[in-house]
Amino acid sequence: MFAQKLRSAAVFFGDVAFLYGALALTLFFRYGKFDFGNSFSVHLEPFSFIFTVWLLIFYLSDLYSNKFFRHNLNTLRNFLLAIIISVIISIIAFYAFEPFFKLTPKTNLLIFSVIFGIIDYSWRLSLGQLFISGGLRRQSLIIDDSPNANLIVDYLNDNPQAGYNVNLWLKEINKEKISDLSSLITDNKIETLIIGNAIKKNPLSIKQIYQLLPLEIQIFNSADFFELIFQKVPLEELEESWFIEEIAAGRRIYDTIKRAADIVIPFGLIMVFLPLFFLISILIKITSKGPVIYKQKRIGKNNRPFILYKFRSMKTGEKGPLWTEEKDKRLTFIGKILRYTHLDELPQLFNILKGNISFIGPRPERSELAEMYSSLPHYEIRHIIKPGLTGWAQVNYKPSASLEEAHEKLQYDIYYIKNRSLFLDFLIILKTIKYIFISH
């Protein structure tokens, strides 16, 4: 949503301004004057590099997420944790790369962190209050009786910072209400109209909504609005025509760049992690019986099976549950470490090189699970692209342990297939890094 992106952009550019402002104030408090010609210029280049790291950590800490415009103890905790991590990384960077930075500002970094923390959190607090107060919220009318409409209404009521106030919600609409729709919108100062699929299929309703265009109000299909706020697609509301319109188009340039990256990057990573490959292989071999590499049949693009490689993390010869369990008794001591750090996934770099999978895409399922999940609506669509080492569903939802949870993840997978791009892939990589090093 444009309004949400605008809010995130306002916070981001505020952070940038306050980073440089806090640096100027730090030098003023330390040296007693604003010396932009000397001390500020000396600090500007190294701190600009550090600021890039700070902004990245803030993003990985979800400090630009819509939910963090509501300020509470959890928000403050995340903010302080992001500051602490940023300071620690800054200290390491200044000392590890002293010849590059040409200064080690211990005292200045401490003063800067305190000044920036106070100013920036106060700014975020004020901005959050402005977003929640209602002055910037769009008055909205929802005409939809689907279960997803309930989710939309609950979300908007619980998250005023999203920028929409549900002024009216009509679960059904008759001829009288349809003919009076224009005055209903005008009288209630409606700025956004959200309509369900049933309304779209009603010729009389569409005619009335068409006549609303001169009022210059926002008009959303409820499925599109659901996708915007939840970043997943409502499977039950989608028809075959939706997939033809939204997904059928090819992305030749994107696919070419992605395949090139899937060759160059894994090759480089294999070279970098080669010593780690040998170390893990030795540890697995001396601590448990069985092969080093675990091979498993998975379902790939166009429903073609392939063999997925992993470092073996379990005892051999023991059958387990259909779904992965966090505290699986079959895990070896080394296996627990590999699972927790995700190092057991390293051999999949060879799967990427072979073209079985990509870096980013829906995770490939075991054949027995894929057969079970085929009962889910539009499940076969996830197989029109290559599966991935990580994906949109993985960074937004926990591993599925039931058919219901698989349904939830499928909504994220199809969202990715529809919206896949280099930018979204980069976003998934950042979220994966966050999951491994922060959330996990």
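Using N, Cα and C of the backbone, Cβ positions are placed for all residues, glycine too.
Just so you know, TrEMBL annotations are computer predictions that nobody has curated.
Here is what TrEMBL says about this protein:
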TRANSMEM  12-32  transmembrane segment
TRANSMEM  44-64  transmembrane segment
TRANSMEM  76-97  transmembrane segment
TRANSMEM  109-132  transmembrane segment
DOMAIN    258-437  domain 'Bacterial sugar transferase'
TRANSMEM  260-284  transmembrane segment
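Away from its own ends, the transmembrane segment (260-284) comes close to residues 292, 311-312, 332, 334, 338, 343, 346-347, 349-350, 352-353, 355, 358-359 of its chain (Cβ-Cβ under 8 Å, at least six residues beyond either end). Long-range contacts of the transmembrane segment (76-97) within the same chain, counting only residues at least 6 positions beyond its ends with a Cβ under 8 Å from a Cβ of the stretch, are 46, 49-50, 53-54, 57-58, 61-63, 68, 103-106, 109, 113, 116-117, 121, 124, 438. When Cβ-Cβ distances below 8 Å are used as the criterion, the transmembrane segment (44-64) is approached by residues 8, 11-12, 15-16, 19-20, 23, 78-79, 81-82, 85-86, 89-90, 93-94, 100-103, 112, 124, 430-431, 433-434, 438 of the same chain, each at least six residues removed from its ends. For the transmembrane segment (12-32), the list of distant contacts is 39-40, 43-44, 47, 51, 54-55, 58, 64, 107-108, 111-112, 115-116, 119-120, 123-124, 127: same-chain residues at least six beyond its ends, Cβ to Cβ under 8 Å.
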